[in-house]
Structures are given as C-alpha cells and as structure tokens.
Amino acid sequence: MRSMRSGRDNNICFLGFLSFALISLPSLSLALTNPDDVAAINSLFLALESPLLPGWVASGGDPCGESWQGVLCNASQVETIILISANLGGELGVGLNMFTSLKAMDFSNNHIGGSIPSTLPVSLQNLFLSGNNFTGTIPESLSSLKSLSVMSLNNNLLSGKIPDVFQDLGLMINIDLSSNNLSGPLPPSMQNLSTLTSLLLQNNHLSGELDVLQDLPLKDLNVENNLFNGPIPEKLLSIPNFIKGGNLFNVTIAPSPSPETPPSPTSPKRPFFGPPSPNASAGHGQAHVRSPPSDHHPSRPTPQGKEDSFTSKRIIWISILGAFSFVVLALVCLLCGRKCLRKREDSEQLSKPHLTSEYGRAREGSRSNASMLPPSNTFNKDKEARPKERVGGASKLHGGAERSVGSESKQESHEIDMNGNAMDLMHPSSIPPIKRVIAKATEPAEASLKRTTSKSHGPLTAVKHFTVASLQQHTNSFSHENLIGTGMLGSVYRAELPGGKLFAVRKLDKKSPNHEEEGKFLELVNNIDRIRHANIVQLVGFCSEHSQRLLIHEYCRNGTLHDLLHIDDRLKIELSWNVRVRIALEAAKALEYLHEICDPPSIHRNFKSANILLDDDIRVHVSDCGLAPLISSGAVSQLSGQLLAAYGYGAPEFEYGIYTMKCDVYSFGVVMLELLTGRKSYDKKRDRGEQFLVRWAIPQLHDIDALAKMVDPSLKGDYPAKSLSHFADVISRCVQSEPEYRPLMSEVVQDLSDMIQREHRRNDSNGDNQYTGRR
C-alpha cells in the first residue's frame, strides 16, 4: 500500500515537472536573438544613456522577437539598426564589435558625442553617423571593415588627417566626410577605391593635391572650401559633378601621366601668373611618379641661363599682348552684341502679345497671387519664358487630363510634341510669321533657369510666396494637432485658410540639403513648379525667410493609400478590385510622366503607398515629386535607401548605393502588391517568412491557386480571374531582381490601360463601370 502511494507521489511530481517544462518552453523558444547580439545592444543602450526607445532595455530582452524600435533582424541575428532623428545622446560605446552580423548602422541627425569607436563590427556594409557631435579622429580600424560600401560621417566635429586605411576597402561606393575639421593631404591608399562613385569632402581644411583621385570611377566629387593646391588632374575635369571652388588650385591643368615619354629640354615653365606648386605632380598609381626637377623649377641654374631669361621675357610680352588683344576683341564683340540684341528685342516685341495671348493669359488669370511676385522686369520676363518652358515639359497622357498651369481648366485634347513649337497651341490667325521667336521656345527649361538664377535670387516661379507669420497663423503655430506626418526631410502640417481652403505645409529640416542656400532652394521651387500632371500633387506656394524653408502643396482629404489599405477599414471596403486597378494606373501615369515625359526627366526616389495621396474621389496624387535633389544629397540619400530597403520598397541594387528609374519601377511593383494583397510591404507582426511582402509573394504570383489565396480578403472574391492574372504578371515584371528586366513605366501604363479597356468592354453590356468614382 505504501509503495503504491509512493509511486503515485512520484507520478504527480513527474507530471508537475513536465507541466512546468511545457509552460516554460514557449518563453524559451521565443528568445530568438543571438545572445552575443543581445549583449551588444544592451551595451549600446547604456552607452547612449538609456534613451526612451520602445522595447530597448539595459539587460536581456529579445530585440528580434520583440521587435525593438529601429532593429531589423535576419533569423536570430541583428542586421540593421536605424535610429534617425531620435534625439539620442551619449556615445556609441565599445561593445559594437560583439554584434555577430550587423550590416547597417544609421544614427544620423542625433546628438551622439565622443569619438567614433575603434571597435566597429567587421561585418558593417553601411555606416551613417552624420549630423552628430562626434569628435577626435577617424579611427584607423576602418581598414578592417572590408565589406564597407557606404560611409557618411559628415556634419560632425571630426579633426586630424584622413587615415591611410583604404587599401582593402575595394567595395566602397560612397564616402561623405564633408563639414568637419579634417586637415592634411588625401591618403595614398584612396587610389585603391576602384568602385568609388561619390566622394564629398567639402567644408574642411584638407590640403595637398588631388592626383590620388584621378583614376577612380567618380561621378560626384565635391572638394570646395578646402586648401587643396597644385594643378587639377585633367581626368578629374571629366567627372559629371565636380565642384572645386574655394581652394588654392593653380590655373594649370596637370596632364595625364605618360612615363614612357621623357621630358623635353625646351618645355616651357609654369605661367608667370600662377605660383609654382611645391608638389606639382602628374603621377598616379602605387608609386607617385613626380615630374623630373628639370626646368620646371625656375630656381635651378642651367648652362643656358641667358637664353632661358630671354625666352621668359619673350613669353611674358607675348602673353601681355595676347591678353590686351583679347580685351579689345571682347569689347568689340560686346558692342556689336548689344546692337544685335536691341534689334532682336525689337523684332520680338511684335510677337510677345501673341505668344502670351492664349497660353500665358490662362496662367495669369488663374493666379490670384500675382501681386505677391516681385515687380519690375523679373516678372515680365518670367511671364514670357514660362510658356516656352511648358512646351518642353508638356505631356502626352494616356487618357488622362493634364492640369493647366495653376488653373482648374483641363487640356484633354492637346497632345503637344516635345520637339515641336508653340505654333501648335494657337489659332493660326494669331501667329505672326516670325520664325526666330518660335525657335526660342525649344530652349531647355533648365538652361534658362540656371542662367537666370545666377543673376538674381528673386523667385522665378509664379506660385505664391507665403510668410512665416501667415503659415503660423494657418497651422496654429505648427501645433501637434495640425501635424500630418514626419519624414526624412521634415514635418508636414495641415494649414486652413480663412475661407476653409486646406493646404499641406512641408517644413524642411534645417539639416536637409539646400536649406541654407536661398538660391538653391528657389531653384528647387522652380523645378517642382514645372512638374505638372493630373496625378501629381501640385505645388501651391513656398516660404523662404528667417532661415525657414517651407513648401506648400494641395491637400488631399482622404489621406494616403497606405492608411486606406492598412489602417482605415471603413474606407478600405470601398476599394473594389476595379478601383485598385485604376489607382495603380494613375500612379503609373505619374511615374511615366516623371521618367519619360517631364523635361528634364526625374527620378522619384521615395515611391511608396504612403506617398500616394487620394482626393475626395479616390483619385491619385503622388507626393514628394521633385524632391529627389534633397533626397539624393549626403546622408539623406543613404537614409532614403535604408528606409526603403528596411520597409520592403527598396530594389536589390540599393545594397550597392545605386538608384535609377528602374528602382522606382521596383517600388511601384511593391505598391501593386499592397493593392493586390492588402498587406504591408513590411509587417513585423507576421511570421518571419511573411514579413517582407515581396519575398513572400514572388513564388506565388504564377500559381493560380496560390494567387487566389493571396488576394485581399476584404474583396471577398469579387474580381475577374483574368484581370487578377494580368495584374500579377505586371507585378512580377516590376519586382525582377535584375533592373534590366524591369519594364519602362510607359509599358506598365499600357498594360494596365489594356486591362481596364478589356473590363470596360466586358461591362458595357451590363451598363456597369466600376473604374470611375469611389466604387
């Protein structure tokens, strides 16, 4: 009896232990994060002075399983930490090397100080520390980061020399060290950066020559406001975007090196008006080949001293006579040119009333804010120039209506040839037979803009100029209640005018590019104002005063497509299948206009469902168009790429710092997937294999049964099977991993238009047209 009771007690104990183990098992299995990564992120949290970040703790925790803010994982390993403008302080600490596979780290625009740690993770590919308070020198341990491709350390307090650490960093694509206190020459190992395309060094105290850069595949090089000297290597002058002002360069251009050619004994000296550089070099490669110190050094004595002296004097006199002749010739040309210009202006006066009579008057009449523009000739010239620019940027829409410049009227019947002339827009009887005036209409808009903005800082655009005081009044002093959203370029507020008219006011962050330079900001305003399409958010006005830079756009009451699909269940019900296809088509037309019709072409760079605004009729208005110059500069560019990639919109080539029109196409394909499935592009609440929408969806797009299961459940199966299949085919082409296999946006527009036409024909017999209105 006693043995039976003891056996029963043992069974009870065993069952109790088993129950405890089963209860504990889920909590153990949920601890997904690698322990080394947990220790590293705990150490980072303490070094940052324990900021208020959702999920973050000083000890333990599960960053991957609990989705800590700004932390992205791959399986159990932390791969990305993005904490931009999070008001962080403290330092980065010394525990970063404990991360096992951290690839991207972005702490831009915070208040982090101290020195940059020498214990950075060797797995790093992207490092963004711009806009902080880092001091000290750039660590030499960078040489161990052999996977590093992008590094932004700009806008800090770094000092000392750039370390000679680039020997093994052959994957580097972008480097931004601008706006620090760096000094000394460029390190020789920089010549090993065989994949470097962007190097920004402006606003430092760097010195020496640029010869170590001459064989690099650079597309962007900014060295302005430094102490660089010597001749500029000839190869650097072919860089598409080379900014070099504010240095001590000689007028002489250093020739390309040719080691096999010996120096000529009678080669001329440096020009007398430029001081000889102590380090004048034409060399490159591993050993810096310097020019032999023959007669390039005037202080060196030679046997033919008298002949050299005579030759020098002769060269000086020839130079003086040549300069004098050039001045005389320039004066003659100037006088003749002014006479010709007067004659030309006289002839143009005959045609100006006709050129502005129909096209220009529509623009003037539609603008109630003409009095806000600067008086005098600036406005008069602009009135005549704008219609000419418009011809270059006019669009051929696929069944869509193009907005008139600042008016509610539509020009649905006009198809304007971009290579044609202004005569096609007017009644023949109103055109004087002056061919010279018509030919001027084909002048590229950007050329005219650059020429004019270089002479004046006044606004050339006809959009309204608001004051800061008026915008404060209309936004309740930019109150939190009026805040619509916050992005990488600043915050957006709702403004309500006394008559009830609503606008969206974008307050640009003071750290964003072009913020300080008013001329560049006004040029940006002009460029945005020229982007006019029925499916693109229209610029209404701007503000540039008291160091504030603001852009005012039209307001769309139904918010964003992202909110409609993922937040507002009430309105989501109204998104029938046909309406979703129409939304995709209108968004595609906006990108087609930017890529293939707008002059000059434009890349969006930030295309996502949150930037697709919807008006009262659920019509598409794409926002952030024309802001690519802000996004493509410095740390903001890397931030844009990181965010798009982190949230599932980024094309695979983002990893290499590449952004082209085909990246916009990829992002558009992701938005189409959102319309198809009703899912977010990245949803950390879903199972790990379903968090990134593209990865989850691609294998199923060509499986009929799987495709039907992917469709947004809120559609309740109400969609044509063929239309669904065609929609999936377009998505599949847009999200191809190789950019060359993605279609042009005009092809996408054609495919979606054909889909709608087929459905129109199918529904005509039923009198049902669901592609219009809110249904």
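Backbone N, Cα and C atoms are what each Cβ position is placed from, and that goes for glycine too.
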Residue from ASN74, ASN250 to which Swiss-Prot assigns N-linked glycosylation site: ASN250
Residue from ASN279, ASN763 to which Swiss-Prot assigns N-linked glycosylation site: ASN279
For ASN181 (N-linked glycosylation site), the one of ASN133, ASN192, ASN250 that lies nearest, given that the glycosylation sites are compared by Cα: ASN133
Residues that sit under 8 angstroms from ASN133 (N-linked glycosylation site) by C-beta distance, when 6+ apart in the chain: HIS111, ILE112, GLY113, ASN156, LEU157
Where ASN250 (N-linked glycosylation site) sits in the secondary structure, as DSSP reduces it to three classes: strand
Three-state secondary structure, which DSSP defines for ASN133 (N-linked glycosylation site): coil
Residue distribution over DSSP helix, strand and coil in the repeat 'LRR 5' (195-217): 3 helix, 7 strand, 13 coil
Composition by DSSP (helix, strand, coil) of residues within the repeat 'LRR 4' (171-193): 5 helix, 7 strand, 11 coil
Around the Cβ of ASN250 (N-linked glycosylation site), the count of other Cβ atoms that are within 10 Å: 19
Model confidence over the repeat 'LRR 5' (195-217) (mean pLDDT, whole number): 94
